[in-house]
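A.B. asks: As listed in TrEMBL for this protein:
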type: TRANSMEM; residues: 12-28; note: transmembrane segment
type: TRANSMEM; residues: 34-59; note: transmembrane segment
type: TRANSMEM; residues: 66-85; note: transmembrane segment
type: TRANSMEM; residues: 91-113; note: transmembrane segment
type: TRANSMEM; residues: 125-143; note: transmembrane segment
type: TRANSMEM; residues: 163-183; note: transmembrane segment
type: TRANSMEM; residues: 195-216; note: transmembrane segment
type: TRANSMEM; residues: 251-271; note: transmembrane segment
type: TRANSMEM; residues: 321-343; note: transmembrane segment
type: TRANSMEM; residues: 349-366; note: transmembrane segment
type: TRANSMEM; residues: 378-409; note: transmembrane segment
type: DOMAIN; residues: 432-545; note: domain 'STAS'
Amino acid sequence: MLQWLREYRRAALPGDISAGIVVAMMMIPQGMAYALVAGLPPVVGIYASIFPPLLYALFGTSSTQSVGPMAIVSLMTASTLAPLATPGTGLHGVLAAQLALMSGLVLLACGLLRIGFLANFFSRPVMSGFTIGSAIVIAWGQLRTLVGGPIALDASPHWPSIALGFGSLALLVMAREWLAPLLRCLRVKPVVADIAAKLAPMFVVLGATALVPLLALDRMGVATTGAVPAGLPGLNLATSSGHWQALLQPALLIGFMVFLISMSGAQALALKRGGEKLVSNRELVGLGAANVGSALSGGFPVTGSISRSAVNFAAGANTQLASMITAGLLALALVAPTGWLALLPLPTLAATIIVAVLGMLDWSTLRTAWRYDRADALALLATAGGVLVLGVEAGVLVGVALSMGALIWRASRPHIAVLGRIHGTEHFRNVDRYSAETTPGLLMLRVDAGLFFGNVDAVNERIDEELVEHASTAHLVLVLSAVNAIDTSALFGLGELNASLRQRGVTLHLAEVKGPVMDRLRDSDLLGQLSGQVFLSAANAWDRLAGSSAAGRPQPAG
């Protein structure tokens, strides 16, 4: 805890200060926008951006992670609370904080139980599909706010809202696509140009807010955030006793997604920082504490934001002091007069949300998966479709099921290669890929996966097929160089294979067995019952058996 503070160097301070200021400027419009996505008053987004980064700094391990509101988690919050409470009511706010509390407790429990590895079972394509589906849902949900009324052919257009919303949208898109390249052409440093482009939403929001009183847009019916209470949020843990069970499953799913999103961003930045070490279980604790802090301040579930963390890194952050400075500046913004926040137009906030989620449309992963592995591409599309058709929570479950299903499918059908010797060497390769020599009566098979209950029958079936094709086989050598583990079911399967081959007059041998696997086999009866030998290498097996195999297949036992 706070190891970074004990080792803090004064040279890191300027970068932390600049990053803290930049991210605070980015966080105000972003936090308020994501609160709208969650169906909460915009100021709640700022509440959820103060205590979470402070608590993450105490327990987390990433130097540049920026914890706070994030689009996907905000959408999941809105989806969870929609059937339970009406947005804008006191119960809705209480349930949002309660959901943050439960998600935080889930993350804390997972961290203390050291089960952070479970996030590895959500594949990249499936995560991309979930992100694409969520981005479309978020963007579609903001269209009504963007145009200031319902999306219908018979609806009367509210032109002031439409003009402000689409004007903000156009400015944000242009800033996103062209501002950084333009500044680079003007010889601005690339880092400064990128940061300026990231801060464009803040300046667009400020400009739109200035237009509201200037043009009397609020009198024309343009919706604004309304009165924002000044001062820091009070620490409170209000809960609804009748909703614990209803929030349990969503809290589990949100906790899972919080960790997954946060770790993916933190790992990418850790590589840029020269391989900074992240401890997954401490990340769980840090994120859990952050969500509990959000609950105490009347916020909603939060996570590490990939885009915000990237800005934090680019702006010079060296330690979590940058996030603490951000939190302090946001607290000052609430203590200071907040009248200007009341004039912030909702169509502009909707535009910032839409542009933000455009970056979540990860089509490059879909293109790569389509070329490389159609099964992964179909899983991506199915997950995105699940989010769009079934809802966000169901989309997460679809993604998890597809990830696990793909893992089981691949593990249950391991690659098995017939090996031959490269002439004049001791190297053995797949005969389908190399010009490798074989010898009559000797069949060498390499199993390229661990052996467990889910694939041992498939392995034995493949061996039977190869023996039918190589009918003169007298010696079968299983090369286990790629086998890291053999479970009990596979052990029995190998024993049954050994007995079956003995009855057919084929001797079973093992080669290149890894040390840990051999240690386990020595504790079993398999080695004592093995009809053949265990060879150190495939070359040893070849030298010992090639000559005897050429003599022909022995008669079956019995």
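Cβ atoms here come from the backbone N, Cα and C positions, even for glycine.
Please treat TrEMBL annotations as automatic predictions, because they have not gone through curation.
Fair warning: this is a prediction, and the values are worked out from it, not measured in the lab.
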A.B. asks: Taking a Cβ cut-off under 8 Å, which residues six or more beyond the ends of the transmembrane segment (163-183) line up next to it in the same chain?
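C.D. replies: For the transmembrane segment (163-183), the sequence-distant neighbours (Cβ-Cβ under 8 Å, at least 6 residues beyond its ends) are 145-148, 190, 192-194, 196-197, 200-201, 204, 208, 211, 217, 222, 345, 347-348, 350-352, 354-355, 358-359.
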A.B. asks: DSSP on the domain 'STAS' (432-545): how many residues come out helix, how many strand, how many coil?
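C.D. replies: Looking at the domain 'STAS' (432-545) with DSSP, the answer is 50 helix, 22 strand, 42 coil.
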A.B. asks: Which residues of the same chain, at least 6 past either end of the transmembrane segment (91-113), have a Cβ under 8 Å from a Cβ in it?
C.D. replies: 38-41, 44, 48, 77, 80-81, 84-85, 237-240, 243-244, 247-248, 250-252, 254-255, 258-259, 281-285, 287-296, 298-302
A.B. asks: Let me spell it out: take the transmembrane segment (378-409), skip the flanking residues so only those 6+ beyond its ends count, and list any with a Cβ under 8 Å from a Cβ in it.
C.D. replies: 75-76, 79-80, 121-123, 125-130, 132-134, 136-137, 249-250, 253, 256-257, 365-366, 369, 454
A.B. asks: Most CB pairs under 8 Å with the transmembrane segment (195-216): which of 34-59, 251-271, 321-343, 349-366?
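C.D. replies: Of the candidates 34-59, 251-271, 321-343, 349-366, 349-366 scores highest.
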A.B. asks: Would you kindly check 66-85, 125-143, 321-343, 349-366 and say which stretch has the most C-beta pairs under 8 angstroms to the transmembrane segment (34-59)?
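C.D. replies: When the Cβ pairs under 8 Å are tallied, 66-85 comes out ahead.
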A.B. asks: Are there residues at least six beyond either end of the transmembrane segment (125-143) with Cβ under 8 Å to its Cβ atoms? List them, or say none.
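C.D. replies: Sequence-distant neighbours of the transmembrane segment (125-143): 36-37, 71-72, 74-75, 78, 151, 260, 264, 350, 353-354, 357-358, 360-363, 365-366, 369, 376-377, 379-388, 392, 395-396, 399-400, 402-403.
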A.B. asks: Checking distant contacts: for the transmembrane segment (321-343), what same-chain residues at least six beyond its ends satisfy Cβ-Cβ under 8 A?
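C.D. replies: Long-range Cβ neighbours of the transmembrane segment (321-343): 4-5, 8, 12-13, 15-17, 19-21, 23-24, 27-28, 31-32, 42-43, 46, 49-51, 53-54, 56-57, 64-67, 209, 212-213, 218, 224-233, 312, 315.
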